[in-house]
């Protein structure tokens with residue numbers, strides 16, 4: 001960890017950045033390019049020397065998605081020579097963070113899909129995840145409160161060893177951080193916030209009209225200029241907004257979003273069982289879905305969607321009452337267990353069965369009882385938000401900055417990893433062809449690639465959310481029949497698992 | 001990350017296929033081709049306006065480009081088709097040069113150590129990527145305004161600020177005795193008055209065992225409908241009058257005049273526009289836009 005800090009210090013203080021002409025007229029070099037005195041007062045020094053560090057890429061937001069992008073860039077021979085600045089005021093980036101296996105598990109977890117895992121494995125980051133608490137699961141059971149439908153998926157249905165892996169966000173983040181640190185990738189971490197951004201996209205005519213301008217280096221010379229919270233600035237050819245759902249980069253770039261808030265909150269927390277849970281469970285209740293995800297070491301994570309009033313109530317009730325509610329919700333609450341055969345549905349659907357090895361015969365199981373609350377209960381409002389554009393000249397959005405989804409299937413971070421991987425690949429292709437990495441035509445390729453995938457997943461998650469917000473008899477039967485259909489029609493079932501596990505196949509319905 | 005390499009590998013494969021396919025054509029020396037080439041080539045124009053920096057250039061062509069020079073780097077402007085096509089041209093050039101000069105295609109700067117001239121560089125749309133790939137680039141254009149734009153724009157990025165831009169012509173460079181490892185003349189030959197003379201100059205600029213890359217538009221009916229009728233009149237991609245069909249060369253003619261200039265065309269590929277995705281790709285269809293790689 002000290003290496004990161006050392007790197008940062010040496011980069012900031014010695015200003016080991018390419019010193020180039022900051023004037024727009026050719027051939028004129030700025031005189032003040034001499035190496036400034038090393039001083040602790042970063043801000044003052046900036047003002048004196050007027051040498052503004054220049055990077056290839058500035059990643060605003062060093063969370064999981066931003067760090068994943070750094071990892072992907074570091075592991076690609078085309079991009080590993082890029083200089084990258086990471087702007088994030090989160091102290092976790094700069095200080096040594098030791099995750100102990102004995103620490104109680106954090107309630108903030110992600111379900112990482114096999115597709116994301118393979119990206120992270122290729123980048124060399126997954127091995128760090130495996131050093132800490134994580135839980136692979138190979139079975140998934142989805143059912144609903146009406147007692148009419150259930151579906152059980154097994155990894156072998158799609159010829160895989162597992163359907164996904166649940167890991168705490170801090171474990172994932174730390175793994176990505178370690179991966180970048182252990183590479184020889186040139187990253188500089190600015191423990192600051194972004195205060196403003198000058199993109200200056202239509203610079204040519206201006207520069208032409210005013211070639212002998214005495215103005216200090218304008219942003220056009222060095223791509224985008226980012227002003228940071230301590231008054232200093234940096235230049236970057238490409239600014240990546242990985243700063244989450246309330247993205248400041250998105251706002252500064254003037255990119256609008258469309259979306260809505262669900263009038264629902266999610267309670268998340270960690271719970272303990274008497275034995276280890278090895279299956280991902282999801283039950284649809286009239287108020288919203290409850291998910292129980294295995295975290296390893298007899299721990300599970302709960303994501304429970306409900307109305308804001310209920311969530312506030314359940315956050316404040318005693319642990320005992322809460323655990324009773326959870327067990328009730330995962331068992332007999334709101335309705336009976338689904339029977340293994342829905343009055344002849346098995347016969348109706350049996351002729352769809354094409355593959356005897358599929359787990360169509362697996363019986364409904366009851367999830368393990370929750371015995372202890374192992375973390376605080378956290379409440380998050382749910383919303384769906386999508387940026388109208390992912391890319392402008394010199395600016396690109398990834399992860400939640402581009403799209404916020406319903407946390408239904410833990411897909412949020414996977415979409416973000418998908419974005420980061422796609423962007424790193426497009427940048428690598430651009431570099432292979434000598435493209436300016438801030439060029440909008442190149443960035444639009446990323447947008448085209450990811451927009452379809454993201455909108456598709458958002459629509460599915462939103463659709464499921466809406467389907468379960470209706471409690472109406474005939475509709476319930478229809479929905480249950482759909483469940484049964486999904487459970488019995490092998491190709492469909494396979495495509496649903498594939499889609500949920502991050503492989504790009506289009507499910508016909510869900 | 002291996003995707004980029006796969007892409008490059010595929011390109012290599014395409015080139016090899018093309019190479020085999022064009023082998024008979026490259027060796028073709030039938031009278032028919034010679035006649036066709038000779039008769040269709042515009043006659044050298046008598047020298048006019050001695051102050052002009054050109055010899056093989058048409059003056060009305062220069063005026064056409066000077067009028068829209070400001071918009072070279074506007075990715076939505078008149079040069080948009082060129083911007084969109086640029087990565088495809090570069091993919092061909094990169095792999096051809098890497099193979100010929102035995103450079104590492106997996107390097108981010110594979111052209112390091114190569115001296116390249118971009119003849120008819122315009123705003124520097126090709127010069128800049130070549131410089132980013134590590135080449136030492138000289139960009140020349142007969143339109144002074146283009147050179148100014150190119151200098152200004154290249155100066156914005158440290159990676160491209162070392163490009164030498166000169167308002168001059170290939171002929172002048174020959175007179176100055178300049179030589180380069182690789183000579184690029186992309187989308188230029190259709191705008192010169194005497195393609196044969198122009199090719200001789202390109203050859204003279206190329207060092208022995210160096211490379212010459214030329215891209216242009218075929219003089220085919222399809223080229224007429226797509227490059228002129230569609231691009232200039234229907235889609236309005238290009239200002240009307242950008243291209244004159246009669247000054248286009250067919251691939252056979254280009255191969256022959258290059259051969260006479262001492263350059264052997266080793267590979268050829270076509271650029272195909274996909275109206276659905278709006279992108280260009282390399283193919284063996286050379287009926288409209290094509291690029292030729294030759295060695296001296």
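We count from 1, first residue shown onward.
Quick reminder: no glycine exception, Cβ is built from N, Cα and C everywhere.
For residue B:89 (S-adenosyl-L-methionine binding site), the count of additional Cβ atoms within 10 Å of its Cβ stands at 25 [all protein chains shown]. Summarising the annotation, TrEMBL assigns S-adenosyl-L-methionine binding site to B:89, B:120, B:141, B:186.
Under the heading Mg(2+) binding site, TrEMBL lists B:187, B:190, B:191. Listed in sequence order, B:82, B:120, B:215, B:216, B:217 are the same-chain residues at least 6 apart in sequence whose CB falls under 8 Å from the CB of residue B:187 (Mg(2+) binding site). In this structure, residue B:187 (Mg(2+) binding site) belongs to neither helix nor strand by DSSP; it is coil.
Looking only at the binding-site residues B:141, B:190, the densest Cβ neighbourhood within 10 Å occurs at B:141. Close to the recorded Mg(2+) site, the chain also has B:120, B:188, B:189, B:192, B:216, B:217, B:243, B:247: residues not among B:187, B:190, B:191 whose Cβ is within 8 Å of the site's Cβ mean position.
Residue density at residue B:120 (S-adenosyl-L-methionine binding site): 24 other Cβ atoms are found within 10 A of its Cβ, drawing on all protein chains shown.
Taking only the Cα positions, the spacing between residue B:89 (S-adenosyl-L-methionine binding site) and residue B:190 (Mg(2+) binding site) is 17 angstrom.
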